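Notes follow the structure.
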Amino acid sequence: MSFLVDLGATSYIACYATQQAVVARRCSGDLDRDCFLLTEHPPVYTLGKRGGEQHLHISKEMLAQKGIDVVSIERGGEITYHGPGQLVLYPILHLRKRKMRVTEYVGLLEETMIRLAADFGVRVVRNTRNAGVWTEDGRSKIGSIGIAIRHGVSFHGFAFNLNTDLEPFSWINPCGLTGVTATSLAREAGTDFDPAEVKKRLLSIVADLFGEFTVVDSLHSVK
């Protein structure tokens with residue numbers, strides 16, 4: 001059975017290193033189960049394989065002043081923002097063993113966020129040209145997806161804006177798209193949410209779409 005670890009608030013670099021270690025174990029067969037990492041990051045911009053630094057509209061001096069790092073990684077896509085108030089899920093799944101196509105997998109990530117928003121009274125939709133989930137008018141993005149695949153094993157995942165401070169999104173073209181704004185579940189619903197309550201619902205949806213899993217306290221307990 002798969003397992004899930006709630007890492008709590010973790011730096012992006014530390015969590016990235018954790019992903020790399022788990023992916024290596026899953027690829028080698030040392031780890032024979034799929035894994036979900038649930039976390040939240042301090043403010044950080046990440047750049048995907050297509051780069052995206054040209055979509056950053058804030059000086060390096062201002063970034064340093066605000067304590068926001070910029071990290072280049074191998075996921076798909078361009079620039080995005082992570083920060084407090086997001087739900088970030090990194091599924092490390094052996095797609096090959098699951099006989100799951102990448103397009104099917106991305107669709108399930110989108111469906112996870114669509115159902116999560118709906119459970120709290122907010123309707124969001126897919127965009128056929130851009131991965132992630134959006135408001136019905138297609139102008140605002142509430143959830144971003146960026147993944148990578150190594151030897152049939154997925155990593156990275158999605159970031160869903162819950163009670164997120166949206167100002168840092170205004171300093172970039174999110175995912176390299178002009179004319180797009182970011183929104184959050186709190187903004188769309190007009191109220192803040194208890195993260196613990198939303199997490200509980202998220203775990204239920206993940207189990208429904210990807211199969212049952214056990215929740216473990218730490219990766220150290222997983223053999």
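Heads up, the Cβ atoms here are built off N, Cα and C, so glycines get one too.
Going by Swiss-Prot, these are the annotated features:
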| type | residues | note |
| --- | --- | --- |
| ACT_SITE | Cys175 | active site, acyl-thioester intermediate |
| BINDING | Arg75, Gly76, Gly77, Glu78, Ile79, Thr80, Tyr81, His82, Ser144, Ile145, Gly146, Gly157, Phe158, Ala159 | substrate binding site |
| DOMAIN | 30-214 | domain 'BPL/LPL catalytic' |
| SITE | Lys141 | site 'Lowers pKa of active site Cys' |
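Feature annotations (Swiss-Prot) mapped to structure.
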{"residue": "Arg75", "record": "substrate binding site", "DSSP class": "coil"}
{"residue": "Tyr81", "record": "substrate binding site", "DSSP class": "strand"}
{"residue": "Lys141", "record": "site 'Lowers pKa of active site Cys'", "DSSP class": "strand"}
{"residue": "Gly146", "record": "substrate binding site", "DSSP class": "strand"}
{"residue": "Phe158", "record": "substrate binding site", "DSSP class": "strand"}
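Each residue contributes its Cα atom, and for Tyr81 (substrate binding site) and Lys141 (site 'Lowers pKa of active site Cys') those atoms are 12 Å apart.
Per-residue confidence over the domain 'BPL/LPL catalytic' (30-214) averages out at a pLDDT of 91. Other Cβ atoms within 10 Å of the Cβ of Ile79 (substrate binding site), summed over all protein chains shown, number 23. The sparsest Cβ neighbourhood within 10 Å, among the listed recorded positions (Arg75, Lys141), is found at Arg75. Of all the Cβ atoms in the protein chains shown, 26 others lie within 10 Å of the Cβ of Ser144 (substrate binding site). Lys141 (site 'Lowers pKa of active site Cys') sits 12 Å from Phe158 (substrate binding site), taking the Cα positions as reference.
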